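Student: As listed in TrEMBL for this protein:
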{"type": "REGION", "residues": "A:1-29", "note": "region 'Disordered'"}
{"type": "DOMAIN", "residues": "A:45-193", "note": "domain 'Casparian strip membrane protein'"}
{"type": "TRANSMEM", "residues": "A:52-75", "note": "transmembrane segment"}
{"type": "TRANSMEM", "residues": "A:95-118", "note": "transmembrane segment"}
{"type": "TRANSMEM", "residues": "A:130-157", "note": "transmembrane segment"}
{"type": "TRANSMEM", "residues": "A:183-205", "note": "transmembrane segment"}
There are 2 protein chains.
Amino acid sequence: MKTGESTAIDIAPETNNSGPIGKKKSTTPLLAVPVPDRGTHRMKRGLAIFDFVLRIGALAAALAAAAAMGTSGQTLPFFTQFFQFEASYDDLPTFQFFVVAMGIVAGYVVLSIPFSIVCIVRPHAVGPRLLLLILDAVALTVNTAAAGAAAAVVSLAHSGNSSTNWLSICNQFGDFCQQTSGAVVGSFAAVLLFLLLILFSALSLKNRH
Amino acid sequence: MKTGESTAIDIAPETNNSGPIGKKKSTTPLLAVPVPDRGTHRMKRGLAIFDFVLRIGALAAALAAAAAMGTSGQTLPFFTQFFQFEASYDDLPTFQFFVVAMGIVAGYVVLSIPFSIVCIVRPHAVGPRLLLLILDAVALTVNTAAAGAAAAVVSLAHSGNSSTNWLSICNQFGDFCQQTSGAVVGSFAAVLLFLLLILFSALSLKNRH
């Protein structure tokens, strides 16, 4: 642990200082406060990198869910004099909400990626980590509400409900149902990733000592 | 600030120690680490008390939502030879899920209250605070999924959907619709309270320095 002193200075938060002052700055807190411990530092950087990877995954899941729902639509190959049989996400307000909500979540994840990079560069920074944790919780709520609502409607579309006389539409619109089901699965994957993001943010906040 | 030394020892985390040792223990970290600052201590205790109050509110909201949904049911005052017109939360799987999920959330809140009290007694304890933050995020997810799913079905029951030929049932079952709508409102209130709980837990974790 005594070897590799220069590496330790390289990855320290105050890396822009010149030689002796930088060395003094990085050794003083080591004596007074147990914060910039090398193992903790590495662990926190690992958590930050993992956070970045999970964020990319959440972006992919949210975009895939929004795209799958947004492009869902099926026109049956027969029609009567009065209308054509057609199903689209536009017909159901829940699915419209789903597309908008997943789009917002994907946009938030894109905006949050710079903060995640800041957390990789400065693993001990508390501000960005806290901001990400709180906004992740809000995004998780939006995402879960959209996923739950769409799941309820998809399950109705699949199996219908005899008490309320809502008939299944998946017999007629099989492709539409499959695509919306896929979108729901994608959004629940994003929910899981957000839960993991919150877990790792909390762990990262904890291990400041 | 030099006066009121005994008060400072009274509210210090290590209050069970005997005189001189307790004094040594409570002054040593004051010199080495800036953690047990008196203002921070009071602020964190305030956050912990607020956490407790919010938790009681979330418990009330979750219980009210579960009870409103669980007791919802309406039998129309006329019937045919073959069946009676009756609507109950049992008829819709989404509403069953809602009752179970809100029951689980309410149970979790009850179990979490002791940890919240521990956080009031020891405002600087990190373990219980972190545990509450992570489990609150999980409870938030369950709660939001149930609320979103029930909201989607309630909105269908209110306005129906012409594309899928699902007719509104609220014309016939007005009381049923009102009660389920109230349950959805209650569950979204619980969602908001959980978001606030996560916010204050995160702030409490942040201000350890």
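Backbone N, Cα and C define each Cβ position, glycine as well.
Note that the coordinates shown come from a computational prediction; the quantities given were computed from them, not determined experimentally.
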Student: Cβ under 8 Å to the transmembrane segment (A:52-75), counting only same-chain residues 6 or more beyond its ends: which ones?
Tutor: 84-90, 95, 98-99, 102-103, 105-106, 109-110, 112-113, 116-117, 120, 143, 147, 150, 173-176, 179-180, 182-187, 189-190, 193-194, 196-197, 200
Student: Which residues of the chain, 6 or more past the ends of the transmembrane segment (A:95-118), have a CB below 8 A from one of its CBs?
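Tutor: For the transmembrane segment (A:95-118), the sequence-distant neighbours (Cβ-Cβ under 8 Å, at least 6 residues beyond its ends) are 48, 51-52, 55-56, 58-59, 62-63, 65-66, 69-70, 72, 89, 125, 128, 131-132, 135-136, 139, 142-143, 145-147, 149-150, 153, 180, 183, 187, 190.
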Student: What does the DSSP secondary structure composition of the domain 'Casparian strip membrane protein' (A:45-193) look like, as residue counts for helix, strand and coil?
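Tutor: Output for the domain 'Casparian strip membrane protein' (A:45-193) reads 111 helix, 14 strand, 24 coil.
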